[in-house]
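As recorded in Swiss-Prot, the features of this protein are as follows:
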DOMAIN    402-838  domain 'Urease'
BINDING   His407, His409, Lys490, Asp633  Ni(2+) 1 binding site
BINDING   Lys490, His519, His545  Ni(2+) 2 binding site
MOD_RES   Lys490  N6-carboxylysine
BINDING   His492  substrate binding site
ACT_SITE  His593  active site, proton donor
Amino acid sequence: MHLIPKELDKLVISQLGFLAQRRLARGVRLNHAEAAALISSNLQELIRDGHYSVADLMSIGKTMLGRRHVLPSVVHTLVELQVEGTFPTGTYLVTVHHPISSDDGDLEKALYGSFLPIPPADTFPDPNPDDYLPEKMPGAVLPVKNERITLNDGRKRIRLKVMSKGDRPIQVGSHYHFIETNPQLHFDRLRAYGYRLDIPAGTSVRFEPGDTKTVTLVEIAGNRIIKGGNSIASGKVDISRAEEILQRLQVEGFAHVPEPAPTADSALIAPFTMDREAYARMFGPTTGDLVRLGLTNLWVRVEKDCTVYGDECAFGGGKTLREGMGQSSERSATECLDTVITNALIIDWSGIYKADIGIKNGLISAIGKAGNPDMMDGVHPDMIVGSSTDVIAGENKIVTAGGFDTHIHFICPQQVDEALASGITTFLGGGTGPSTGTNATTCTPGPTLMRQMIQACDGLPINVGITGKGNDSGGKSIEEQIRAGAAGLKLHEDWGSTPAAIDTCLDMCDKFDVQCMIHTDTLNESGFVEQTVKSFKNRTIHTYHTEGAGGGHAPDIISVVEHPNVLPSSTNPTRPFTMNTLDEHLDMLMVCHHLSKNIPEDVAFAESRIRAETIAAEDVLHDLGAISMMSSDSQAMGRCGEVILRTWNTAHKNKAQRGPLKEDEGTGADNFRVKRYISKYTINPAIAQGMSHLIGSVEVGKLADLVIWHPSTFGTKPAQVLKSGMIVASQMGDPNGSIPTIEPVVMRRQFGAFVPSTSIMWVSQASIDDGIVQSYGLKKRIEAVRNCRNIGKKDMKFNDVMPKMRVDPESYVVEADGVLCDAEPAEALPLTQDYFVY
């Protein structure tokens, strides 16, 4: 067949395109991926037919699917589609703008080449206009109404008459020093000294040959130093240099047409203002604007904007981040950022706000206003953009900290790609691959296996911490594992979570400052939950799947959320409670824990762990902030690529059933609830595991492990994932494409994934002090966990509630502070079939 990679890549389009045709033919409304694949696949077939031009196909692509054939969200998200194929004249790009542009489309064209029967017209419902209201669209932005934003507020302005005597068009950008513009522009250059156009940052004014325009100029800000351009007026703005500058203009042949001194006060010249909606489209939402998170019922309101109106950073042709404009000149790399993320909406436990994010040496070096302090207002001294700075456009994007999954069974290395594609950048757990022990427990036992697993994970583009086996009432083996590099210890009932083992394990954790995680005794063999809690002796411990379906004292392990030394987490199969939750769990549990349906006691053990009442209560306790963390239990009763989306589905369900939180009442937004839920998979696991000094939040001094989202796909599929400020995974098109947006657009590993030092190997301090980990030949950055033992529930951000718990041992009814914790199972959730093909 002699195929090459670009041909194999296109097979994804054909496979999914034909799948989408089959679904369409049986009356299923298509989601974004299906609709994009169907149109792309048909275009490829029409290209192969050889009868159509690029222009023909650009038109045909808009006629295949109508609004009735796709889910309402697709009309908003599928605004452009690009394919490349081999025409009789070679490879060319076909761009289809607004592919869903009619109600009815053309099913004959949509099912082209499939030989499938065309379904009756009444198979698909008539589009309901209410489904397409702006506020119902995924990632909707609702700017503050009836307000305008003033650009470059408080600065001096002038008006100048400008005539173009050139024979070609001249376009001048917002931040180009106006005195330095094309010599064929005729105007009073001395009056323009120290000024630039008073227009939105990154826009421009175009002068066609012979044009005469009156433009408004505004003073440059910052240090007021001119650099770059034509080097006519370089240096600090100083009117005493006027004669010198005039002579240079004359020598260099720049047209200068003096104007009479203005009679009106420059303060009377109105500044440029922008409609809030137009501003949001260009630079992203700003203070007071509302943003919907995906298709959930959650809305955030921007709390503040650290950028400066009129001096925003914008990269591209004619934009602001150019030499001598938004990019400063004559500065060393030591003074400038390595990378800047511009105009990002940050969603973090620390706030929900708009800012530029500065990255240097793999760390978040500053958050605020970036740019060129020589001509821009409010530039943070640690956020200078220079010729050594790269740019990631964050406008109309959301940036969060990389997610942290603290419950990983290292069953297969391919988990990393799934997790990265969902926004997870840190794994903590144990195992040795698909061994029987690892299929059930997160333990890497013994120093040999510990070393081998640490070495095996060295090339994975994700932060990793390996947990040892803590089930040993004698401490010698546990100490060996810690000294071999264990970042924590796991107690699991399948290895025997007895009070004696718990006591010894916690002693060793206290001695070496590592965290203890526990899966308690479902059998109640050594005692009930009270005996296990007693064995903790008020020492800090992280309780896994605290509800109990994932394992733990039946039926009341959930009661441990009341204790100040317990750091409770959930695993995601029970998140949130739905009509299907109970039915999937029995078989899941039997496989995971090596049980047999032929042994009645095994079946009874499994059934004792699956209780609708406690799963429903888990929903409520998350919303109260009593369960502090979310994790997966990867391939061992959990899904490593769904920690984040199930967190937000839980938040959505709780808002739908329980209403706004008290803290959010009257705000018109859900900021408090959003901070509570994002903390569950970012900052709180980082605090619990002794890693929050470097990861877990979007804060200065932390590793630049960041996830960039389109608001419309928030919580499901990130646009890009950064590790130490370097892109490790991104939605990326055909590598042979003329541009990076050619279908199929797939989450793919990027260059950062091949730089091991962008990720951390978390180990114990003892393993570093003994020089053991250094002998492993690792390329990853080695860091010790710390401050694991003197923390408690009080340290869990937005999730520190400790209600007095009661669980009825017969009915399983759960009460918190005397209030019934009950929730109905969801019949549908937002972050599901609109986003995923399977």
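Cβ coordinates are placed from backbone N, Cα and C, and glycine is handled just like the others.
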Around the Cβ of Asp633 (Ni(2+) 1 binding site), the count of other Cβ atoms that are within 10 Å: 29
Cα-proximity to the residue listed as 'substrate binding site', 10 Å cut-off, over recorded positions His407, His409, His545, His593, Asp633: none
Set of same-chain residues at least 6 away whose C-beta sits under 8 angstroms from His409 (Ni(2+) 1 binding site): Gly429, Gly430, Gly431, Thr438, Asn439, Ala440, Thr441, Thr442, Asp633, Ser634, Gln635, Ala636
Residue pair His519 (Ni(2+) 2 binding site), Lys490 (Ni(2+) 1 binding site) - Cα distance, angstrom, rounded: 8
Among His407, Lys490, His492, His545, His593, the one of these recorded positions whose Cβ has the fewest neighbouring Cβ atoms within 10 Å: His593
His545 (Ni(2+) 2 binding site) versus recorded positions His407, Lys490, His593 - nearest by Cα: His407
Residues close to Ni(2+) 1 site centre defined by His407, His409, Lys490, Asp633, Cβ within 8 Å: Ile408, Gly429, Gly430, Thr441, Thr442, Met517, His519, Tyr544, Thr571, Ser631, Ser632, Ser634, Ala636, Gly638
Per-residue pLDDT averaged over the domain 'Urease' (402-838), given as an integer: 97
Rounded to the nearest Å - Cα separation of Lys490 (Ni(2+) 1 binding site) and His593 (active site, proton donor): 16
Check: same-chain CB within 8 A of Ni(2+) 2 site center, minus Lys490, His519, His545: His407, Thr441, Thr442, Leu491, His492, Glu493, Met517, Ile518, Thr520, Thr543, Tyr544, Gly550, Gly551, Gly552
Cα separation, the residue listed as 'active site, proton donor' to His407 (Ni(2+) 1 binding site) (Å, whole number): 16
